[in-house]
Amino acid sequence: MASKQDANTQIPSPFMDLPALITKFQSHRLGVRDLVALSGAHTIGFAACFLFRNRIYNETNCDPDFATSRQASCPHIGGDNNIAPLEYQNTNSFR
Ligand code: HEM
């Protein structure tokens with residue numbers, strides 16, 4: 001049965017770092033291999049600015065060129081709902 005509470009507590013948050021993601025997956029008996037494979041879905045699609053802002057301005061493990069390219073449409077303040085492709089180019093194809 002669908003559960004709002006489960007959705008908010010059991011699905012990984014977009015703000016989690018890698019160790020937290022690994023722990024969350026393990027709590028569902030999924031391993032690092034599963035995490036990597038399922039993360040591959042993000043080769044297509046878009047994300048909203050407020051969800052990835054911290055990563056492109058404050059994190060040191062984000063590709064600098066990619067971070068700079070995303071900053072163009074995701075300012076420090078405002079533009080929360082601006083969307084950007086999850087990869088460099090928006091190809092809408094799975095590759
Ligand atoms: C660690 C688990 C996951 C996390 C933290 C996560 C997080 C996210 C976030 C933050 C977005 C952007 C949403 C938005 O801005 O509205 C997104 C988009 C997306 N996710 Fe995930 N996701 C996860 C797992 C998956 C899996 C398992 C799949 C499919 C097998 C998937 C497929 C997608 C797709 C296709 C989009 C693009 C949606 C669109 O363009 O409208 N995700 N995900």
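Every residue number used here counts from 1 along the chain in the order it is shown.
Glycine is no exception: its Cβ is also placed from the backbone N, Cα and C atoms.
It should be emphasised that the depicted structure is a prediction, and the values quoted were computed from it without experimental measurement.
Feature annotation from TrEMBL assigns substrate binding site to PRO12. The annotation heme b binding site is assigned in TrEMBL to HIS42. TrEMBL lists THR43 with the feature Ca(2+) binding site. Residues annotated as disulfide bond in TrEMBL: CYS49-CYS74. According to TrEMBL, the feature domain 'Plant heme peroxidase family profile' maps to 1-95.
Everything TrEMBL records as a feature, shown here on the structure.
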residue : record                 : Cβ neighbours (10 Å)
PRO12   : substrate binding site : 16
HIS42   : heme b binding site    : 12
THR43   : Ca(2+) binding site    : 13
CYS49   : disulfide bond         : 19
CYS74   : disulfide bond         : 24
Cα separation, CYS49 (disulfide bond) to THR43 (Ca(2+) binding site) (Å, whole number): 17
Those recorded positions in PRO12, THR43, CYS49, CYS74 whose CB falls under 6 A of ligand 1, listed in sequence order: PRO12
Spatial separation of PRO12 (substrate binding site) from CYS49 (disulfide bond) - C-alpha basis, Å: 18
Overall pLDDT of the domain 'Plant heme peroxidase family profile' (1-95), taken as the mean: 93
